[in-house]
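Student: Quick one: this structure, given as structure tokens, is what I'll be asking you about.
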Amino acid sequence: MKQQEPLETSFANRIAHVLTEALPYIRRFKGKTIVVKYGGNAMIDERLKNSFARDVVLLKLVGINPVVVHGGGPQIGNLLQRLGKTSEFVQGMRVTDAETMDVVEMVLGGLVNKEIVNLINRQGGAAVGLSGKDGDLIRARKISMSQLQSTAPEIIDLGHVGEVASIDPAVVDMLVHSDFIPVIAPIGVGEDGCSYNINADLVAGKMAEVLKAEKLILLTNTQGILAKDGTLLTGLSLREVDALIEDGTISGGMIPKVRCAMDALRGGVNSAHIIDGRVDHAVLLELFTDQGIGTLLVRR
Ligand SMILES: Nc1ncnc2c1ncn2[C@@H]1O[C@H](COP(=O)(O)OP(=O)(O)O)[C@@H](O)[C@H]1O
Ligand SMILES: CC(=O)N[C@@H](CCC(=O)OP(=O)(O)O)C(=O)O
């Protein structure tokens, strides 16, 4: 008969330490909602995707309510390229004509959404995929060029690019309270009945606000918010973030991300975290360890 190797003492101690360190956090977050934005750039390889799905399932099993909002920008770009279409971006927003909108809906609402649902379910969770159309979840409003400081004067219309006009959380509440894990694609419906392509960070921020979430966690492809010299800024207040945008330390795609996190904080979410989705089990490390990872944004 094969004998089980005894655990090396220091390794066993480490496991015990990790589990006991997690305990106060599990107690603190039990019954609370945590909105996790899973960006397309963090969906790099199978190992990372599975580690993300395991984290989400573990949260649910210890009594926390994860709600996943996903992106899929690179995946939309890949399919558009295969179809011979190129995308233009204005302030990080993809100019979306009717044909591009069809692709966005296929990729986000179909491929990416169902892949995440399947990953979570294979790890033992019960995920249900939704787009903003399901249960009239996300009402969208068209974004006009005048709302953006465009550096591309030749583009006069963003097409089907929307912002969140309102969220009706009824379908998400119903799923959460029936022990399902909602997985939401950032597509909204306009007053005109048309589909709108919404930046996933914007949807995640508003979702966290409307669901009165305890935390908003944004997974991205950097360690967090970095200073000019490349060091990680571990904790920032709203005032400090404003100053970093002002002096150009925060730029590009990080601007809408911090803006929506700041809006969520002002709307009552207790904390927002920008963390590195390229790290295995990033969500667990953030939630259940004393030091956390990435950048913590707080209201004060
Ligand atoms: N101060 C900063 N700290 C970290 N990243 C920054 C900063 N300023 C700009 N960025 C850029 O923002 C990017 C993240 O935004 P984005 O590419 O839109 O992410 P995602 O695809 O995850 O939504 C980083 O990869 C980096 O290039
Ligand atoms: C209007 C707009 O730009 N929408 C995004 C939606 C996907 C997204 O936000 O994906 P990431 O989080 O992976 O960047 C897009 O078309 O790429």
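Backbone N, Cα and C define each Cβ position, glycine as well.
The substrate binding site annotation in TrEMBL covers Gly72, Gly73, Arg94, Asn197. The annotation domain 'Aspartate/glutamate/uridylate kinase' is assigned in TrEMBL to 32-276. Marked as site 'Transition state stabilizer' by TrEMBL: Lys37, Lys257.
Relative to the rest of the structure, where do these features sit?
Tutor: Annotation note: Asn197 (substrate binding site) sits in a strand segment as assigned by DSSP. All protein chains included, Asn197 (substrate binding site) registers 26 other Cβ atoms within 10 Å of its own Cβ.
A strand conformation is recorded for Lys37 (site 'Transition state stabilizer') in the three-state DSSP classification.
In the three-state DSSP scheme, Lys257 (site 'Transition state stabilizer') falls into the helix class.
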Student: Counting Cβ neighbours within 10 Å across all chains shown, tell me which of the binding-site residues Gly72, Gly73 comes out on top.
Tutor: Gly72
Student: For ligand 2, pick out the recorded positions Lys37, Gly73, Lys257 that have a CB under 6 angstroms away from one of its atoms.
Tutor: Gly73
Student: Out of Lys37, Arg94, Lys257, which has the highest number of nearby Cβ atoms, where nearby means within 10 Å of its Cβ, if these are the recorded positions?
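Tutor: For the recorded positions Lys37, Arg94, Lys257, the Cβ with the most other Cβ atoms within 10 Å is Lys37.
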Student: Rounded to a whole number, what is the top Cα to Cα distance in Å among the residues the record ties to substrate, namely Gly72, Gly73, Arg94, Asn197?
Tutor: 12
Student: What is the separation, in Å, between the Cα atoms of Asn197 (substrate binding site) and Lys37 (site 'Transition state stabilizer')?
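Tutor: For Asn197 (substrate binding site) versus Lys37 (site 'Transition state stabilizer'), the Cα atoms are 16 Å apart.
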Student: Compute the C-alpha separation of Gly73 (substrate binding site) from Lys37 (site 'Transition state stabilizer'), stating it in Å without decimals.
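Tutor: Between the Cα atoms of Gly73 (substrate binding site) and Lys37 (site 'Transition state stabilizer'), the distance comes to 13 Å.
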